[in-house]
Amino acid sequence: MLITNPALLGILASLVPLALGAPNQPIQARSRKCVIPSSYASSHGTADDSPAVASAFAQCAENSVIVFQEGVDYNIFHPIKATNLSNVEIRVLGNLHLPQDITAVQNIVKSGQSTWFTFQGPRVDWTGADDIKNGWINSYGQAWWDANPANSSSFPNRPHLMSYKTSQASIKNFRSRKPIAWNVKLQGDDITVSHAIVDATSTGGFPFNTDGFDVEGTNISITDSVMFNGDDAIAVNTPSHNIVFARNTIGYQSHGMSIGSLGKDPTDFANITNLRFEDVTVIDALYAARFKSWSGGRGLVKNVVWKNIRTFNVTFPIFVTQSYSDQSASRSGTIDPFSSVMMEDFTWSDFSGTINTYHPGDGSCVTDPCWYNVGLPNLKHTEAIVLECNTESSCKNFRTEGIRLHPQSKDSPSVICMKATAELNPKLGFECKNGTFVPH
């Protein structure tokens, strides 16, 4: 079953009163303020406010506060790029609207402007409205999803919503409604994200590639947020260290809390350590906890914990593959099938909930077999755990404990396990073989 919009709104409303935490103290006062004017109302929603927005970011690029006015609508018909920011607060108290003309947006992307908002610089804070009716970026992605050709996962020339590269910064009350595709590429150091909302629920076509946060950096936390989408809620990419994803609710047709994909380019050495995913509710998703790397990849991912994860109607609650495939991507060059992105010190602890037995999978399947079933023998959709290690030495010190996952059919939970050897994984918690899940 899928969560309806009223249910989603209930979850969103429940998060508003939660404490946001103390903001970072700026090194220097933000003594200048740029309040952005809007022509939306006077033009009956037809005028482009992008020039006024660009002007504000140019005038207030340092030690400033840039304000989208409370309850005011803004048309952002052209991409905004501000890469020279320093000690700036972006205060989004109104609502932003991307163009609804698909062809116009595609032409902009084809011209080389692939990201709609690009922000870069130290201490760049995003502060959305406390009022849940405001602070939204409206991308009108539903029309894009519905226009996607049958049996295709890649509608051409879709923009990324936002690239955000900063340090010593916070993002609070970020809200994205119907993103066309990817939401936020987040890069940097010492960044806290809290009370974010991504609503990519669809009434028609599947919302392909609507990732919540694609993360690359150090000391980054994402907490107290809701993401209902059609791809990873969070995807941790290389290099990344000390990442926390906690107290969040994710779902719709989500691809869960993911690491990767890694190793597609075997010359790109993966380097990821110290990740913690904790106290997360996962609803109606394809995956909950996922690791994905390509065979032939290189590198190391170490010290990863998923803990206290609650699943409701999830197809693959725990999923590891070191032989990932992407139905919309191809590889070039020589691939060594015995090379892997090494995994070491992984823990899955205190998982509880239900496995989607009756209607497994999601709308991202456009191939036969479905991309997410490739290489899995005799799927029953009672699998609590799927571990696909590429070689007998590529998975080390895996640990499971407190796994209480149950198929909706009330059959016994099962496991698919390949090459996670007992010698390298003495605390795995079950025998690595395909069949009924029997915890030790």
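Yeah, the Cβs are placed from backbone N, Cα and C, and that goes for glycine too.
As recorded in Swiss-Prot:
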ACT_SITE  Asp231  active site, proton donor
CARBOHYD  Asn84  N-linked glycosylation site
CARBOHYD  Asn151  N-linked glycosylation site
CARBOHYD  Asn219  N-linked glycosylation site
CARBOHYD  Asn271  N-linked glycosylation site
CARBOHYD  Asn313  N-linked glycosylation site
CARBOHYD  Asn434  N-linked glycosylation site
REPEAT    188-210  repeat 'PbH1 1'
REPEAT    240-261  repeat 'PbH1 3'
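Here the features listed in Swiss-Prot are placed on the structure.
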residue : record                      : Cβ contacts under 8 Å, 6 or more apart
Asn84   : N-linked glycosylation site : Ala61, Gln120, Gly121
Asn151  : N-linked glycosylation site : Val366
Asn219  : N-linked glycosylation site : Asp189, Asp190, Ile191, His241, Asn242
Asp231  : active site, proton donor   : Pro207, Phe208, Asn209, Thr210, Asp211, Gly212, Ser254, His255, Ser364
Asn271  : N-linked glycosylation site : Thr238, Pro239, Gly299, Leu300
Asn434  : N-linked glycosylation site : Pro377, Asn378, Ser414, Val415, Ile416, Cys417
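A coil conformation is recorded for Asn151 (N-linked glycosylation site) in the three-state DSSP classification, outside any helix or strand. Remote same-chain partners of the repeat 'PbH1 1' (188-210), defined as residues 6 or more beyond its termini with a Cβ less than 8 Å from a stretch Cβ, comprise 2-3, 5, 8, 12, 15-16, 18, 20-21, 128, 141-142, 145-148, 153-155, 158, 164-179, 181-182, 217-231, 233, 252-253, 362-364. Look at Asn84 (N-linked glycosylation site): DSSP puts it in coil. Mapped onto DSSP helix, strand and coil, the repeat 'PbH1 3' (240-261) counts 0 helix, 18 strand, 4 coil.
DSSP places the residues of the repeat 'PbH1 1' (188-210) in helix, strand and coil in these numbers: 0 helix, 10 strand, 13 coil. Other Cβ atoms within 10 Å of the Cβ of Asn313 (N-linked glycosylation site), summed over all protein chains shown, number 21.
DSSP assigns Asn434 (N-linked glycosylation site) to coil in the three-state reduction, placing it in neither a helix nor a strand.
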